Structures are given as structure tokens and as C-alpha cells.
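S.K.: First, the structure itself, so that you have it in front of you.
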Amino acid sequence: MTDNIMQTIAVIALGCPKNTVEAEYLLGIFQEKGFKISSNLDKADIVVIHTCSFIKAAKAESEKCIRTILDIKKKKSLRVYVSGCLPQLLKEKMSVLFPDIDGFAGTGTLQYLPDLVFGKNFGRFILPPGGLNDSNYRVLSSTIPSAYLKIAEGCGHVCSFCIIPALRGRYESRTMESLVDEVAALAESGIKELILIAQDTTGYGKDIYGAFVLDKLLVKLSKINGLKWIRLLYAYPSSITDGLIEVFKEHKKICSYMDIPIQHASKNVLSAMKRPLNTPGIIEKIKRKLPDIVLRTSIIAGFPGETKKDVNELINFLNRGYFQYAGVFEYSDLKEAVSSKLKRHVRAAAAKERKIMIENAQYNIFQAKIDKIKNNTIEFLVESCLKKGNVYSIKGRSSFQSPEIDGNIILENDKPLTVGGFCKAKVRSVDGYNIKVYI
């Protein structure tokens, strides 16, 4: 073994679950090359910072993290590499902003990062955008007993506020065979919940199979032994097919839950965003065919040209009660995005005020929905169990809650529960977006 192989590496993943999965693949690649893996920065000889730059806040977080690690580098022998969206966005500017970084890898070169660390290639390593695909070996992170499955890379849409196509390239689906093999390995390792992700999950397969075939993929995955739940995030409204809706009806392993980012409900704003104008109608159709499904969405407040009338139209649509959860974000103006050139930008203070209005409206809807199931029995996945005095404080999630964004199930119990197991309890009350239960 060379000195490089004996060294310890830590990978820091910033941003969304898609970056988490890529970091897991990176760790797998490094481990196969003989590196020791550690989450302890004090023990690391090499640190890889896997960055996000989708919005201003993500870009700022990435830059702050880089500076923090570079401060550590001043005090110890440490090599630092930056990968992902920030190098893809800034390219050669990275070496000017951060001259002490040892190397950079854009989104299309992640699989070659170990070569850069080994010194086979020196300096910047920026190539066309893309991402890791068809790789089965991962070092799973703290998401156990749940795991994300990235089914595609890139994006084929032209949303005016988004720079993902420039950062991630065109839409590329992974093959069904590679996904089935990976999920079988995940299930064998003890994973109970599988969460499908991509920039657009419902666009899956069109590029390689000639049609949207997410429904067929879900059927294959639902046959894998060991899995209890299969969850779908990042569904693009206009790609949701009748076949997909039927699969949700027929297969119990598929959670009756779907994340569909609509971004807005006003046609004026949707048009400026270059999003599907028939989005409200699509949501109505889904709820008509799947009345019990729990829907989550994402909304942008303060988009250029948005008026108070548009906001009222959005809130009126939300008040129909189609969504149980909504992530609301103030518009982030990136100079690289088409929307930055639009007229009538909304003042930051007004955007913040609108965000709060939308959040309050949605929370009232959430409370009303939970009130309707008080004292009903629900099943949840146990994620932690800590003893506090004579009581066990237990946290988990139901089939209608995604990790980190939809709150938790909270149970105080006199007996411990097994992490990774499932338990049934009755709904008592809400605390924020957490749901308190009792046995």
C-alpha cells in the first residue's frame, strides 16, 4: 500500500438528499481504493467538501464550510478538495477565491476524484456537468434504517429560476437493472424505507426507454424482500401518468405520499417561471383518484412580478386542502438564472412577509388534517429511543412523513422500542409539525 492508501478521508455533504447520496457513493469509491473512512475531522488526513449552489443560501453555506475547513488546514497537515455544484458553477474562479484548496471536481467528474487525490491528475478537474450513475457500492450515512435512491441525474426542464441544467447537465436515467441490484443490496443490509429522488423523479426512463416508466420501476422495487416502505419525492407535475397513479393504488409498499413541487398556483407566476400552467388541475386529478394520499409541495414566495393577487390565488388554492405539507422559500435571485433578468422584482421584506403568510395558511391546514385523525391508530418507523429517567423518549416517522422535513412521531413510553422496527400508536396532538402519540 502507498501512503495515500493508508490515509483517512472525511466527506462533508452539503445541501439536499441528492448530495447525500453522491457523498455516499464517493465514500464507497474511496473505501474500495483502500482509504480509511471517518466522520471525525480531527482524524482526517483528507477532507472532501461536496457542495451545493442551487440557491444563494446554499452557495453561501458551501463557501462558509470551505473557509472553516481551510482554517483547520492552517493548524494541521490536511489536504482539502471541493466537489459538486460550486466548482461546476464557478469553474476557474474557485482557484482564485480559494487558492489553498488542493483540487476541484465538478459534478461530471466525481468518480475521478480519487485519481485527483492520488496525484494522477493535478490541479483543477472541471469537466462537463453530470453525476455519478450506475454505481452500487455506497457507504451509508446516518439515514439508516432509511436510504435514498437517486434514479436519475440532471434535468430537462427550463424553469426560469433554476440553474440545475447548467450544474447537472441533461436528464439521464439510470437503468432499471442497476437500480434493482442496488436496492436489493440495500434491503439485504437492513434498509426498511427506500426514498426515490432525482431532480425530476417522474421523468424517469423517457431518455433511455422512450416513455415515462417510473410506474414499472416501482413495481419491480416493490417485489424486493425486506423493504417496508417506498417513498417518492421530487415528482414533476406534468410527468405524473395515469399508470403511476394506478401503481400507488395497487402496491401497499408504496407509501400513500407524494412530494410534488408546484412552486406556485397563479398562472401569471407559473408562466414567468416556465412551469406547467395546468399544475392545479393535475393536483386535483391526483386527489380525486387517490383521495387518501398525503401530498407535500414546495412554493416560491416573492418571484419577480408576483402580485398580492397572485399570492391570494395561491393561498386560496392551498386552502382547498390538497397538501398536508409545504416548504415555502423566498425567491433566490441568481444572476445565472433567466429570472434574474425579469422586471418588477419583489422587495425582500415583502417576499419574507408573503412567505410567512403562506406558511401560516398551510400550518392551519396541517392542524385541521391531524385533528381529523386524533385517536386513530398509525404505524411508524422507530428512528431513535433514548432513556430519560424512567421513561423512554422515542422518535420516528409515519408513512406520511419524509425525513427532516415533515416533523416526527413523538412517543413517551415505559418500555424501549427497537430502532429500525415498526410500532403502532394512537394520535394525541401536534407540537409544531411533530405528532405526539400514545400506546
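Glycine is no exception: its Cβ is also placed from the backbone N, Cα and C atoms.
Below are the features listed in Swiss-Prot for this protein:
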{"type": "BINDING", "residues": "Cys16, Cys52, Cys85", "note": "[4Fe-4S] cluster 1 binding site"}
{"type": "BINDING", "residues": "Cys155, Cys159, Cys162", "note": "[4Fe-4S] cluster 2 binding site"}
{"type": "DOMAIN", "residues": "7-122", "note": "domain 'MTTase N-terminal'"}
{"type": "DOMAIN", "residues": "141-369", "note": "domain 'Radical SAM core'"}
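Distances, neighbours, how buried they are, the whole picture for these features please.
M.R.: Here the Cβ of Cys52 ([4Fe-4S] cluster 1 binding site) has 21 other Cβ atoms within 10 Å, regardless of which shown protein chain they belong to. DSSP assigns Cys52 ([4Fe-4S] cluster 1 binding site) to coil in the three-state reduction, outside any helix or strand.
Mapped onto three states, the DSSP output places Cys162 ([4Fe-4S] cluster 2 binding site) in coil.
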S.K.: How big is the Cα-to-Cα gap, in Å, between Cys85 ([4Fe-4S] cluster 1 binding site) and Cys155 ([4Fe-4S] cluster 2 binding site)?
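M.R.: If we compare the Cα positions of Cys85 ([4Fe-4S] cluster 1 binding site) and Cys155 ([4Fe-4S] cluster 2 binding site), the gap is 14 Å.
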S.K.: Roughly where does the domain 'MTTase N-terminal' (7-122) sit in mean pLDDT, to the nearest integer?
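M.R.: Across the domain 'MTTase N-terminal' (7-122), the average pLDDT comes out at 87.
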S.K.: Please report how many Å separate the Cα atom of Cys155 ([4Fe-4S] cluster 2 binding site) from that of Cys52 ([4Fe-4S] cluster 1 binding site), as a whole number.
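M.R.: With distance taken Cα to Cα, Cys52 ([4Fe-4S] cluster 1 binding site) is 16 Å from Cys155 ([4Fe-4S] cluster 2 binding site).
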S.K.: In whole Å, how far is Cys16 ([4Fe-4S] cluster 1 binding site) from Cys162 ([4Fe-4S] cluster 2 binding site) when you measure between their Cα atoms?
M.R.: 15
S.K.: Rank the binding-site residues Cys16, Cys85, Cys162 by the number of other Cβ atoms within 10 Å of each Cβ, and give the residue at the low end.
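M.R.: Each of the binding-site residues Cys16, Cys85, Cys162 was scored by Cβ atoms within 10 Å; lowest is Cys16.
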S.K.: Cβ neighbours within 10 Å, counted over all protein chains: which one of the binding-site residues Cys155, Cys159 has the most?
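M.R.: Comparing the binding-site residues Cys155, Cys159, the most crowded Cβ belongs to Cys155.
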S.K.: Which residues, same chain and not among Cys16, Cys52, Cys85, have a CB within 8 angstroms of the centroid of the CB atoms at the recorded [4Fe-4S] cluster 1 site?
M.R.: Leu14, Gly15, Lys18, Asn19, Thr51, Ser53, Phe54, Ala58, Ser62, Gly84
